[in-house]
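Student: Structure incoming, see below.
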Amino acid sequence: MMKINQPYFILSLSPWPILMAFNTFNLMISNIMIMNFKMNMMSLFNLLMIISISILWWRDVIRESTFQGNHNFYIMNLIKFSMILFIISEMFLFISFFWNFLHNSLAPSIELGLNWPPKNIMFFNPLLIPLLNTIILLTSSFTVTLAHLYLLNNSKKKTIIFMNLTIILSIYFLMLQMLEYKQATFTFSDSIFGSSFYMATGFHGLHVIIGTIFLIINLMRMIKLHFSHIHHISFELGAWYWHFIDIIWLFLYMTFYWWNN
């Protein structure tokens with residue numbers, strides 16, 4: 001049989017996609033049962049399964065890219081294009097949150113007393129924790145850019161330093177976000193205002209957690225010398241994702257925090 005040279009490679013059969021889909025569906029059902037005051041240990045089990053599957057799936061991708069050498073420059077460009085499509089889909093998710101917020105804030109309904117924010121809701125001062133979080137995320141975007149710059153210049157030590165700084169800033173952001181939620185005087189069930197705020201900022205917080213995990217894995221791979229100045233697509237995608245998170249937060253700050261005061 002004649003062998004044809006082509007830039008693609010055929011993925012081996014993997015159990016992780018179907019297992020991830022199955023456990024994600026079960027986690028959703030379990031959480032719905034918990035919301036209806038039915039204790040369900042399946043939620044914790046499914047969460048642990050999702051974490052385990054993510055680790056094993058990520059391991060397989062690292063193997064095929066770093067050790068098997070299957071991710072050539074053509075494949076890398078396809079992966080970058082896929083990441084761009086993923087970020088665009090995430091962008092439209094947040095556009096729906098902004099659309100919902102602007103629709104209700106520009107024309108509050110009679111149920112809200114024609115006021116926005118509704119009466120008796122004491123909102124956060126945008127010049128305190130929200131502004132600090134904005135500065136933290138902008139700084140983290142700067143540090144991850146510096147880490148990329150030093151990686152391109154083969155300066156491993158400085159790359160690791162700025163990656164550590166980025167991760168520390170991201171964890172600090174999450175701690176402040178938790179503190180803000182703890183100090184809040186309104187809940188998710190306080191009209192469309194509360195549900196809009198917590199849905200948008202909560203989903204952003206989830207993206208920060210995912211982005212932080214992404215950065216931690218990239219840091220571990222840097223320490224293990226998996227990256228070079230010409231082949232570090234995992235780090236590039238993580239940096240793209242982190243910049244996307246920063247841009248979304250700027251829009252969240254201008255609308256949900258500044259607009260409400």
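Glycine is no exception: its Cβ is also placed from the backbone N, Cα and C atoms.
As listed in TrEMBL for this protein:
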{"type": "DOMAIN", "residues": "4-261", "note": "domain 'Heme-copper oxidase subunit III family profile'"}
{"type": "TRANSMEM", "residues": "7-29", "note": "transmembrane segment"}
{"type": "TRANSMEM", "residues": "41-58", "note": "transmembrane segment"}
{"type": "TRANSMEM", "residues": "78-102", "note": "transmembrane segment"}
{"type": "TRANSMEM", "residues": "122-152", "note": "transmembrane segment"}
{"type": "TRANSMEM", "residues": "159-177", "note": "transmembrane segment"}
{"type": "TRANSMEM", "residues": "197-219", "note": "transmembrane segment"}
{"type": "TRANSMEM", "residues": "240-259", "note": "transmembrane segment"}
Student: Looking only at the domain 'Heme-copper oxidase subunit III family profile' (4-261), what is the model's average confidence as pLDDT?
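Tutor: Residues in the domain 'Heme-copper oxidase subunit III family profile' (4-261) carry a mean pLDDT of 87 in this prediction.
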Student: Within the same chain, where does the transmembrane segment (159-177) have neighbours whose Cβ lies under 8 angstroms from its own Cβ atoms, ignoring anything closer than 6 residues to its ends? I mean 6 or more beyond.
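Tutor: Residues 129, 132-133, 136-137, 139-140, 143-144, 146-148, 150-151, 201, 205, 208-209, 211-212, 215-216, 218-219, 222-223, 242.
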Student: Any residues 6+ beyond the ends of the transmembrane segment (240-259) with a Cβ under 8 Å from its own?
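Tutor: Sequence-distant neighbours of the transmembrane segment (240-259): 83, 87, 90-91, 94, 98, 101-102, 105, 124, 126, 130-131, 133-134, 137-138, 140-141, 144, 166, 196-197, 200-201, 204, 207-208, 210-211, 214-215.
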Student: Between the stretches 7-29, 41-58, 78-102, 122-152, which one has more Cβ pairs under 8 Å with the transmembrane segment (197-219) than any other?
Tutor: 78-102
